Amino acid sequence: MPATPSNVPEPSRTDPALIRNFCIIAHIDHGKSTLADRMLQLTGVVDQRQMRAQYLDRMDIERERGITIKSQAVRLPWAPTEGEDKGLTHVLNMIDTPGHVDFTYEVSRSLAACEGTVLLVDAAQGIEAQTLANLYLAMENDLTIVPVLNKIDLPAAQPEKFSEELANLIGCQPEDVLKVSAKTGVGVDALLDRVVRDVPAPVGVADAPARAMIFDSVYDSYRGVVTYVRVVDGQLNKRERIRMMSTGATHELLEIGVSSPEMTPADGIGVGEVGYIITGVKDVRQSKVGDTITSLQNGATEALGGYKDPKPMVFSGLYPLDGSDYPDLREALDKLQLNDAALVYEPETSAALGFGFRVGFLGLLHLDVVRERLEREFGLDLIATAPNVVYRVEMEDGTEHVVTNPSEFPEGKIDKVHEPVVRATVLAPSEFIGAIMELCQGRRGTLLGMDYLSEDRVEIRYTLPLAEIVFDFFDQLKSKTRGYASLDYEPTGEQTANLVKVDILLHGDKVDAFSAVTHKDKAYAYGVRLVAKLQKLIPRQNFEVPIQAAIGARVIARETVRAIRKDVLAKCYGGDISRKRKLLEKQKEGKKRMKMVGNVEVPQDAFISVLSTDESAGEGKGKK
């Protein structure tokens, strides 16, 4: 039953026993944000007039793609309609988490801010890989799990079948699985009651030194960085000076409060509360997700565990189509970094593409989202080079190189090359096992194990090199399984591999933008494919142009762009053969001279078409 604002406890004076912190975990598109909308309406924190679908997804790109990228936190008052706490107003802090594999670190920090989680599964599709990955994270954090089937209003829903699957997975009875429809609102009040009943209240020491964990931070152009925190011990008050424990930086709390869902200032926030703080800092990197905040006076000495710096896994070069946009691109990346602490970049130049940046991302969706935001919010036209991963190269003389750009791959005597590997989990209907295994074996995968979740759904676990996933692995997986498979992966370290750098030479000159690091067994196929593609794209010159793919000094593939022939004999009608020969010899001389000094210009669209389609990566794409 919605609580009236008059009896909602103040954030600084709420008894921790009345607080419930929970989050919702689900696969993309299983209705998480819609369920959040219904909760906002039911608890009465958002006025009916201002309600809109996916209320918590603020970014345009989140709304368009139907995904949640940034975590959001909302304080919901709720008085249970039944049970021993009937009529007593509780405070529910709901944290909406991203569902995508690239943002797993954000999810894990959000989970650490909760005591319970609502595991949401689509009643028409069942458990997917992402759900499993996030469920394991929740179990690692010892959260109480409330299983829920959503979309029971769909004609294709099979609540009985999937509630059994869910019950087997988390070890409860099928009748304990709640059935709701976030769209129509059926069963959502029962879900809120269950959260109050099952999720434990936060435990913390009210009079200990303050300790709060940052689980998200966003940049607001007017107020600077807004940091979302969960208070574990003690209390944070307005105008107090605080200290970040990982960096030792100190700030003054200009504003403190809770979001319900608009920001509502308060005097302070106490044990177990989830709220926001504003310190006037302008850079998100100073309030790092997972860091601990404490008071400057009588502060805590031990930080809360679990903080780590997000490490970029995938690198790509971003270049403006128009060289004069370079300063705008720098400014745009600076602004994006304010909001996205996981983004790293450094300037680089390419002989072929001019000035640009080498940008590091958490994964492919992150790359896609950043690129789209740059193009949409800042109006830039970009070329992105093919994504690549970070290699560690050990030379025979004992030196070590970390390579983020294929053109920096060292020449000379290499002892070992280490590449990152991931543990991938694929969930799919069992009829596609053969196709999935064939795809993974082709990508240098090693099978770890296989489990049947039910008689027709199987979970397959593989170790795969990250480099094999970053191109079109996901597209291939979807097309081989008619869209039914779902994929999740997590980094598990690195392995040594027989990798080589393939260079593309045009007329004997290396084109750095086309260099790629690939496995020795696939280097030949890669070279042949790229060379054949370039031959179609490079316009014919007045002299012939060899296009070669080479590993070191050894050429492995070659195509030739034929010269344009000018008919020099057009003006000779009949006449002496020696006259014609003289003209032909003269033409031959000229061609030879041109070939010596000639320069081959690669047209811009040739770059775009080679780099933007991932045909260079997977054999399957070229055959479509």
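The backbone N, Cα and C atoms fix where each Cβ goes, and this holds for glycine too.
Here the structure is a predicted model, which means the values were calculated and not measured.
Swiss-Prot lists Asp29, His30, Gly31, Lys32, Ser33, Thr34, Asn150, Lys151, Ile152, Asp153 with the feature GTP binding site, giving sequence analysis as the kind of evidence. Swiss-Prot lists 17-203 with the feature domain 'tr-type G'.
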>> Tell me which of the binding-site residues Ser33, Asn150 sits in the most Cβ-dense spot, judged by other Cβ atoms within 10 Å.
In response: Asn150
>> I want to check the contact list for Gly31 (GTP binding site): same chain, sequence separation of six or more, C-beta distance under 8 angstroms. What comes out?
In response: Leu120, Asp122, Asn150, Lys151, Ala182, Lys183
>> What's the number of neighbouring CB atoms sitting within 10 A of the CB on Ile152 (GTP binding site)?
In response: 22
> Could you give the mean pLDDT over the domain 'tr-type G' (17-203), rounded to a whole number?
Replying inline: 74
> Three states by DSSP: which one describes Ser33 (GTP binding site)?
Replying inline: helix
